[in-house]
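Below is one structure, written out as structure tokens, with a few remarks after it.
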Amino acid sequence: MGLPWYRVHTVVLNDPGRLIAVHIMHTALVAGWAGSMALYELAVFDPSDSVLDPMWRQGMFILPFMTRLGIKESWGGWSITGEPIANPGLWSYEGVAGAHIVFSGLCFLSATWHWVYWDLEIFSDPRTGKPSLDLPKIFGIHLFLSGVACFGFGAFHVTGLYGPGIWVSDPFGLTGKIQPVSPAWGAEGFDPFVPGGIASHHVAAGLLGIIAGLFHLSVRPPQRLYRGLRMGNIETVLSSSIAAVFFAAFIVAGTMWYGSATTPIELFGPTRYQWDQGYFQQEIDRRVQAGLAENLSLSEAWSRIPEKLAFYDYIGNNPAKGGLFRAGAMDNGDGIAVGWLGHPIFKDKEGNELFVRRMPTFFETFPVVLVDKEGVIKADIPFRRAESKYSVEQVGVTVEFYGGELNGVSFSDPAIVKKYARRAQLGEIFELDRATLKSDGVFRSSPRGWFTFGHATFALLFFFGHIWHGARTLFRDIFAGIDPELDIQVEFGAFQKIGDPTTKRQVV
């Protein structure tokens, strides 16, 4: 049977054994890729600096997902949290990656077995001797089993009852660690940034799945509903499954891009909205003001700012700054961060403090403008010097650093002042090593950006797939061109293989 490439799945339409085989093989490919990719990432990952060179700066994609589920130790003798380790055992990065590869091999073997031994008695209707699947019953079984898994994850793994817990951190991504989480049963459980909601929602959704699964196992669908939704047609299963997948993909694209307790910034990097809203800048300013209120000097107050917090307040870590089609990790763009130079404070010749206007997310170039506390422009780097009124030279701008490597150092040379004013557009100023990786200086996105783009794109494609297959199964008789006035009863859909001569016909 010569089929075009876009119709090859016809061969498993009415062949339950081989339908199972191709799905097991798909699972083998997914698990094999996950395990292999994890081992590759472990081979290239440098765990030496979790503050300035975390996994998301290095372009790790699998490791953040493993870490958020409670894995933190490596057979290489390091821990993602920097704690000393003794014997990580199977519950480690390499152990879990290896388990996925072993599982992939077992799935490959079982897929091969089911492909060869496709004609099993279990797939035949004993009354007719023909292939038949009780799809509502199968739906009930799968719903029950997925409910058990969902409940078990929330009640045992996340809570630490039998498992490690999950990654939990503070709102500014400074104190993250693996810890058990108690379910949040109140209104706070609906806050996407409350980890307790992960436990409670998995428990609740799991119980709902178990109850719904038992319902579908014990209650048969009404005949009109069965026929109206084509519940006997395997393409109905395909359509509704695609719907579940695209819905989930849209949800996780949102929780990743906008941030949530499931996507901590220590593992996936900050969100673009944290730059847009000056989230870290406000927290840094709050801490500095608190230090000044304790009678600390400006230098001492800035020296207490964690380097990790300052690093988040840098536009190069904004996932929306990297183009979607610029391949590579963030480190391949602006380089590997080496150290925080400190916070620059600019002043004019009268001693008034000036603030560099920060670059908005969607600008590649932006005028360097310095404003006073009222927002009035006082200095800039002009495009045309002949017409300038506010140039650094004319206004007499100087810069002094507080905290960081240049703490207490000041500059009045206009060329140096302009250099740091340009860099202050991008947030806190860091020394970046572009030589080691031959970084090209062009910003890259973080795994947060890749994940969102991939899942939003495939969700859209799967949405159209759901519409396509749903329409095919609901309106199969119309699409097949069967005359509605036909007086011969055709049992259409019992055998759907192309050219099948055994479809029953019966004159009414």
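Every residue, even glycine, has its Cβ placed from backbone N, Cα and C.
Feature annotation from Swiss-Prot assigns transmembrane segment to 21-36 (among others); the stated evidence is sequence analysis.
Among the features that Swiss-Prot reports, transmembrane segment is placed at 101-115 (among others). Outside the transmembrane segment (101-115) by six or more residues, the chain places 17-18, 20-22, 24-25, 27-29, 31-32, 35-36, 39 with a CB less than 8 A from a CB of the stretch.
Taken from Swiss-Prot, the feature transmembrane segment applies to 140-156 (among others), supported by sequence analysis. Using a Cβ-Cβ cut-off under 8 Å and counting only residues 6 or more beyond its ends in the same chain, the transmembrane segment (140-156) has close neighbours at 162-163, 183, 198-218.
Residues or ranges marked as transmembrane segment in Swiss-Prot (evidence: sequence analysis): 203-218 (among others).
The transmembrane segment annotation in Swiss-Prot covers 237-252 (among others).
Here Swiss-Prot flags 457-472 (among others) as transmembrane segment, drawing on sequence analysis.
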Tertiary contacts of the transmembrane segment (203-218), defined by C-beta under 8 angstroms and 6+ residue spacing from its ends, are 136-137, 139-155, 183
